[in-house]
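Pulled from Swiss-Prot:
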ACT_SITE  His696  active site, proton donor
BINDING   Arg16, Glu17, Leu18, Lys19, Lys112, Arg517, Cys518, Trp563, Glu607  5-methyltetrahydropteroyltri-L-glutamate binding site
BINDING   Ile433, Gly434, Ser435, Glu486, Asp601  L-methionine binding site
BINDING   Ile433, Gly434, Ser435, Glu486, Asp601  L-homocysteine binding site
BINDING   His643, Cys645, Glu667, Cys728  Zn(2+) binding site
Amino acid sequence: MTTLHFSGFPRVGAFRELKFAQEKYWRKEISEQELLDVAKDLREKNWKHQAAANADYVAVGDFTFYDHILDLQVATGAIPARFGFDSQNLPLEQFFQLARGNKDQFAIEMTKWFDTNYHYLVPEFHADTEFKANAKHYVQQLQEAQTLGLKAKPTVVGPLTFLWVGKEKGSVEFDRLSLLPKLLPVYVEILTALVEAGAEWIQIDEPALAVDLPKEWVEAYKDVYATLNKVSAKILLGTYFGSVAEHAALLKSLPVDGLHIDLVRAPEQLDAFAGYDKVLSAGVIDGRNIWRANLNKVLETVGPLQAKLGERLWISSSCSLLHTPFDLSVEEKLKANKPDLYSWLAFTLQKTQELRVLKAALNEGRDSVAEELAASQAAADSRANSSEIHRADVAKRLADLPVNAGQRKSPFADRIKAQQAWLNLPLLPTTNIGSFPQTTEIRQARAAFKKGELSASDYEAAMKKEIALVVEEQEKLDLDVLVHGEAERNDMVEYFGELLSGFAFTQYGWVQSYGSRCVKPPIIFGDVSRPEAMTVAWSTYAQNLTKRPMKGMLTGPVTILQWSFVRNDIPRATVCKQIALALNDEVLDLEKAGIKVIQIDEPAIREGLPLKRADWDAYLNWAGESFRLSSAGCEDSTQIHTHMCYSEFNDILPAIAAMDADVITIETSRSDMELLAAFGEFKYPNDIGPGVYDIHSPRVPTEAEVEHLLRKAIEVVPVERLWVNPDCGLKTRGWKETLEQLQVMMNVTRKLRAELAK
């Protein structure tokens, strides 16, 4: 009989219950116990959904109050020593301070989890880091599931991936792999505690196997799993996000009891594991996208596998379902307005049922689920033949693009002269990244407008009032290049998707980005174009309120692609270029309307990189081409900005330079300007604005901290090409800390300008 198991589930709840409870707790509106009760209820619901899909093992240990890698830092005693906290007795309040910072310490750095848009908290490893086991997080969840009468499989990120996703810190140079001998015994203690609590199987996830690992890291797997094999539980080694075929010989030799492989991202790797003689878990339902599977097609893969493997075949999603929205069935508007599209989709709960159908088809025969298989086939056929998806005019515009269509008219050296001639900016020009606080009033007005309780004219008036406030406050602070604050935007991607053709939206399709921050990605289901101007009216209104330059604000094509659920019937590169041409129409309209500083945000450029370096060039070529297409045809005097965050840039700087933005602003404060060093070494040719304070925390930095970062930046970047700005947009902050933070930034800027003028 084929076994069905799960690797992980969304944590926030069907209606973001965890988010709202967390934020109430942070505002001291509910007690810790009330927050714990919400979390326990969500875990139980998740397990019951998995059980309802006839799962043989539900996933435990995947639920977290903030981030599963932060949980692992606590479990291994690897929390940053700079906080002075005891990982053995860590109150929830201190757990959140690790993630969000406090008055004495900045938050743990955050970056993307492999090539997803989920963020994890980066472990800080020092040469003298000591580890200490605390298995409470995993054991408690295991026991909770057992109390419900469920068979549960704890899921823990493995030791090599844990070290791989961390960073070396401190003044002593060392390789974090050298910490492995100290870390391994702690893992043994954690796994032993789980065995003692009744775990039969434990899933140890090693997604690092899907990247280009150095030889010494690959070789370390032998000793690691020889050691972990001494624990009496059965180990399922989990891999996902890409192919691990190159490590097939190693993986077949490891003393584990089973292997999970991602057959959605890398179906071709199955051949490499044809002779595997242990449990093989086939990840056949997409854990990262929202398209319904053609179950008959999936059975063409897993049917023959079952014939070969028998009871050694397990099935699951490709990876944790963390990356998918919770439940399609609550999307009543989508069902009413786009019934065909609705029939092509599957969210987390629907994916659990797809797995239930597959298990039944394998174990009881296809006739037992004939109706479900027929419905799956009908949806696949409908999507393949839909006239809603393909547009001849969009295809023709792409086909007719000349070579080098995105090239600016002149090189940067000439453009910057034309720009400074009218901008007349001081040394160390200051700006904001884009958004200002999304207040309760803004959200209430938007909600009332969407419900039809507020007229279009009243909504516009409310947003204009907010824009006027943002402009006024920036002028008071004496910022140089202003932003309008994006009051009218619910989300930097969703806003544009709602105004572009080929996109669709959900009401409750939220996925976790980090902590309590959730995003609701648009669905790109068809060819993309821009029916009418999207931002021009708001930007020109803001520009008319001030004599200072006002930035037009657009989200770039790669980021819109990366932060959407993308159609999987044509290449992603084609979709991206379609978006770029739609944005180009907007850029040229902004320019005509007198907006001569235009920011095209690309925070997601790096997360689109394939996990294997051999595939990078192809991606970077079409990503860079798409960015250039979006600003094609601009005058030299129009200044194009871009913004990138949470990124390691060192290895893609030539590609970033080839994007040829006049100004790039980057997130650097959490890494103490570490990321900026690469730009200096590369001699990045255009203007740079490194973030001088962290906006992800409500903490107001001291002037000394901001000055320290800005002086470090001046050491790296020629001062005439250096801008001063926060790390990122200010949407999630409150007004009080926003103004205090910006005031600190401006005070330091004025001090250094005066010093440099001497």
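Heads up, the Cβ atoms here are built off N, Cα and C, so glycines get one too.
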Cα separation, Lys112 (5-methyltetrahydropteroyltri-L-glutamate binding site) to Gly434 (L-methionine binding site) (Å, whole number): 21
Sorted by sequence, non-Ile433, Gly434, Ser435, Glu486, Asp601 residues with Cβ within 8 Å of centre, L-homocysteine: Asn432, Val483, Met492, Met553, Gln599, His643, Cys728, Gly729, Lys731
Residue among recorded positions Arg16, Cys518, His643, Cys645, His696 with Cα closest to the Cα of Ile433 (L-methionine binding site): His643
Between Cys728 (Zn(2+) binding site) and Leu18 (5-methyltetrahydropteroyltri-L-glutamate binding site): CA-CA distance (Å): 25
Listed recorded positions Cys518, His643, His696, filtered to Cα within 10 Å of Ser435 (L-methionine binding site): none
Spatially closest candidate among Glu486, His696, Cys728, the listed recorded positions, to Glu607 (5-methyltetrahydropteroyltri-L-glutamate binding site) (Cα to Cα): Cys728
Three-state secondary structure, Leu18 (5-methyltetrahydropteroyltri-L-glutamate binding site) (per DSSP): helix
For the binding-site residues Ser435, Cys645, the one whose C-beta sees the most other C-beta atoms within 10 angstroms: Cys645
Farthest-apart CA atoms of Ile433, Gly434, Ser435, Glu486, Asp601, residues recorded for L-homocysteine, distance in Å: 13
When distances run from the Cα of Cys518 (5-methyltetrahydropteroyltri-L-glutamate binding site) to each of the recorded positions Glu486, His643, Cys645, His696, the nearest one: His696
Glu486 (L-methionine binding site) and His643 (Zn(2+) binding site), Cα-Cα, nearest whole angstrom: 15
Inter-residue C-alpha distance, Asp601 (L-methionine binding site) and Cys728 (Zn(2+) binding site) (nearest angstrom): 10
Surrounding CB atoms that lie within 10 Å of the CB of Gly434 (L-methionine binding site), all protein chains: 25
Rounded Cα separation (Å) that holds between Arg16 (5-methyltetrahydropteroyltri-L-glutamate binding site) and Glu486 (L-methionine binding site): 23
